[in-house]
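Here's what Swiss-Prot has on this protein:
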BINDING   Ile156, Gly157, Arg158, Gly159, His160, Phe161, Gly162, Tyr163, Thr164, Lys182  ATP binding site
BINDING   Asn470, Asp472  Ca(2+) 1 binding site
BINDING   Glu516  Ca(2+) 2 binding site
BINDING   Asp545, Asn547, Asn549, Glu556  Ca(2+) 3 binding site
BINDING   Asp581, Lys583  Ca(2+) 4 binding site
DOMAIN    150-412  domain 'Protein kinase'
DOMAIN    455-491  domain 'EF-hand 1'
DOMAIN    528-567  domain 'EF-hand 3'
MOD_RES   Ser318  phosphoserine
MOD_RES   Ser585  phosphoserine
REGION    418-448  region 'Autoinhibitory domain'
REGION    437-457  region 'Calmodulin binding (CaMBD)'
Amino acid sequence: MGGCTSKPSTSSGRPNPFAPGNDYPQIDDFAPDHPGKSPIPTPSAAKASPFFPFYTPSPARHRRNKSRDVGGGGESKSLTSTPLRQLRRAFHPPSPAKHIRAALRRRKGKKEAALSGVTQLTTEVPQREEEEEVGLDKRFGFSKEFHSRVELGEEIGRGHFGYTCSAKFKKGELKGQVVAVKIIPKSKMTTAIAIEDVRREVKILQALSGHKNLVQFYDAFEDNANVYIAMELCEGGELLDRILARGGKYSENDAKPVIIQILNVVAFCHFQGVVHRDLKPENFLYTSKEENSQLKAIDFGLSDFVRPDERLNDIVGSAYYVAPEVLHRSYTTEADVWSIGVIAYILLCGSRPFWARTESGIFRAVLKADPSFDEPPWPFLSSDAKDFVKRLLFKDPRRRMSASQALMHPWIRAYNTDMNIPFDILIFRQMKAYLRSSSLRKAALRALSKTLIKDEILYLKTQFSLLAPNKDGLITMDTIRMALASNATEAMKESRIPEFLALLNGLQYRGMDFEEFCAAAINVHQHESLDCWEQSIRHAYELFDKNGNRAIVIEELASELGVGPSIPVHSVLHDWIRHTDGKLSFFGFVKLLHGVSVRASGKTTR
């Protein structure tokens with residue numbers, strides 16, 4: 001059982017309608033679940049056109065940029081985003097490399113055209129200034145000594161709502177330090193949300209700065225016109241540029257260190273309660289031109305704080321990297337892991353896993369299509385590499401690996417066995433559900449935990465040790481608090497993770513050993529994705545039948561599950577109970593493992 005991998009896709013034998021080499025009809029009729037905020041067609045998407053976006057600034061640019069797209073006065077969710085890049089090609093490419101190179105060659109000219117206001121987009125869609133909300137306070141409390149302390153250099157980058165320049169500190173502790181300064185005009189901050197976005201970006205950078213794979217934050221300044229964010233200057237270029245230099249393809253051993261660095265910083269962010277929400281190759285920079293230079297995550301303009309039991313609902317990010325649950329407006333940190341899966345797919349094969357001619361078509365592909373693992377080079381890559389990418393790209397976020405788990409996947413672990421694995425904050429969500437579960441479900445989870453495979457046990461042992469068990473080998477509320485406090489940043493306080501710990505009050509007066517921790521932390525949906533699930537669940541039921549099963553009437557079962565009085569329990573739960581002896585049936589056992597009682601839910605959405 002130690003060799004279990006994830007189940008192959010049930011549709012792997014079918015042709016992927018969005019895979020390279022197929023014909024692509026124009027798809028404009030897709031909309032997310034909330035049609036009131038569905039994407040607004042752009043002029044280039046309204047008819048057949050040789051233009052299609054390769055990297056779009058956001059899957060919801062109608063929300064973030066209405067003034068540009070439809071002349072409206074919509075709110076801007078982000079002040080920094082990647083400019084729209086359009087590529088002049090009519091047919092679906094097998095690899096992004098060739099025409100991205102063409103786009104890069106044209107980038108300078110397009111920037112100049114954008115600055116002069118003569119791009120195709122601006123000539124077809126007149127722009128209007130967004131109306132500013134009344135009574136906005138644009139004071140941030142940052143230092144106002146920017147011009148006396150910093151000497152600005154040339155512009156090195158530009159987004160929709162700001163631009164970046166090289167600069168040098170003229171005095172103070174950082175005298176002589178060359179930095180990058182992100183400049184955000186206050187005239188662009190036309191809503192309270194936009195102002196809060198800037199404030200939150202600075203908070204996140206300040207709190208998380210210091211991680212080796214995250215851009216170093218130095219200081220924030222403001223004057224009457226702008227906000228200035230001084231950060232580390234990374235001179236090695238974007239990860240995207242390195243991908244292009246290799247012709248859009250990495251070997252497995254070359255891809256691993258890139259993916260490890262991305263996973264490291266994302267796992268750290270998630271541990272601190274921060275979700276990035278815009279992970280893509282453009283948002284990772286190398287510190288120098290050297291081949292083995294460090295990779296740094298940048299652009300936290302769309303990032304947010306999130307608790308383990310909290311879900312976000314605003315659509316942000318970049319179309320090719322956006323997770324299905326983001327389009328459904330209910331997501332958490334797993335959405336970042338999906339984006340890493342897309343990056344890993346591109347690194348290993350040079351193509352995007354989801355493609356269409358229009359933004360709405362991309363969204364449909366993300367929601368409905370399965371990425372192809374049949375075309376070269378996938379048949380020639382290792383089974384571990386394919387399993388790794390597939391487990392990052394499960395459409396059901398409950399089955400998807402976390403960033404910490406991905407660092408312990410056999411494909412990664414075989415490359416580097418001496419990594420510091422961050423604590424997986426989502427384990428607290430599993431523990432909360434376990435502690436609030438009925439005694440019957442706890443017994444079922446304990447039985448299932450006896451069937452864990454070697455890789456799962458190794459991962460849980462690592463996570464258990466990070467919670468600093470006491471001399472008796474038990475974790476308690478005190479050991480958990482101390483373990484978190486030793487690694488906490490201000491971001492963890494902002495995301496209210498310490499408050500969430502109060503929900504683990506079942507550990508207030510007792511400890512939890514490793515055996516019970518396995519039952520509490522096991523992810524049933526992830527375990528189900530393994531190809532040994534059928535064998536595992538049958539064996540677990542046998543153990544449960546011997547040690548935990550008992551006679552139970554339907555009304556008691558309904559009460560334990562938290563089923564309300566409006567539910568016809570006899571018809572719903574009839575098959576859950578074995579008619580011969582009144583004990584839980586195999587069907588009921590499986591359902592009980594998957595089901596979470598009303599008492600164990602209580603997740604919040606914002």
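Glycine residues also receive a Cβ, built from the backbone N, Cα and C atoms like all the rest.
Owing to the predicted nature of the structure, the values given are computational and were not obtained by experimental measurement.
In this structure, Ser318 (phosphoserine) belongs to neither helix nor strand by DSSP; it is coil.
For Ser585 (phosphoserine) paired with Glu516 (Ca(2+) 2 binding site), the C-alpha to C-alpha distance reads 24 Å. Between the alpha carbons (Cα) of Thr164 (ATP binding site) and Asn549 (Ca(2+) 3 binding site) lies a span of roughly 63 Å. In this structure, the C-alpha atom of Lys583 (Ca(2+) 4 binding site) lies 64 angstrom from that of Gly162 (ATP binding site).
Cα-Cα distance from Asp472 (Ca(2+) 1 binding site) to Asp581 (Ca(2+) 4 binding site): 40 Å (rounded to the nearest whole number). On the backbone, the CA of Asn470 (Ca(2+) 1 binding site) and the CA of Ser318 (phosphoserine) stand 45 Å apart. Using CA atoms as reference points, the binding-site residues Ile156, Arg158, Gly162, Glu516, Asp581 were checked against Asp545 (Ca(2+) 3 binding site), and the closest is Asp581. Least crowded of the recorded positions (Ser318, Asn470, Asn549, Ser585), judged by neighbouring Cβ atoms within 10 Å of its own Cβ: Asn470. Across the residues the record lists as binding ATP (Ile156, Gly157, Arg158, Gly159, His160, Phe161, Gly162, Tyr163, Thr164, Lys182), the two Cα atoms farthest apart are 15 Å from each other. Annotated pair Asn549 (Ca(2+) 3 binding site) and Glu516 (Ca(2+) 2 binding site), C-alpha to C-alpha distance, rounded: 18 Å. With the fewest other C-beta atoms within 10 Å around its C-beta, Asp472 stands out among the binding-site residues Asp472, Glu516, Glu556.
Each of the binding-site residues Thr164, Asn547 was scored by the number of other CB atoms within 10 Å of its CB, and the largest score is that of Thr164.
Counting only the Cα atoms, the space from the residue listed as 'Ca(2+) 2 binding site' to Ile156 (ATP binding site) is about 54 angstrom. Comparing Cβ neighbour counts within 10 Å across the binding-site residues Asp545, Asp581, the minimum falls on Asp581. Closest in space to Asp581 (Ca(2+) 4 binding site), of the recorded positions given as Arg158, His160, Ser318, is Ser318, taking the CA atom of each residue.
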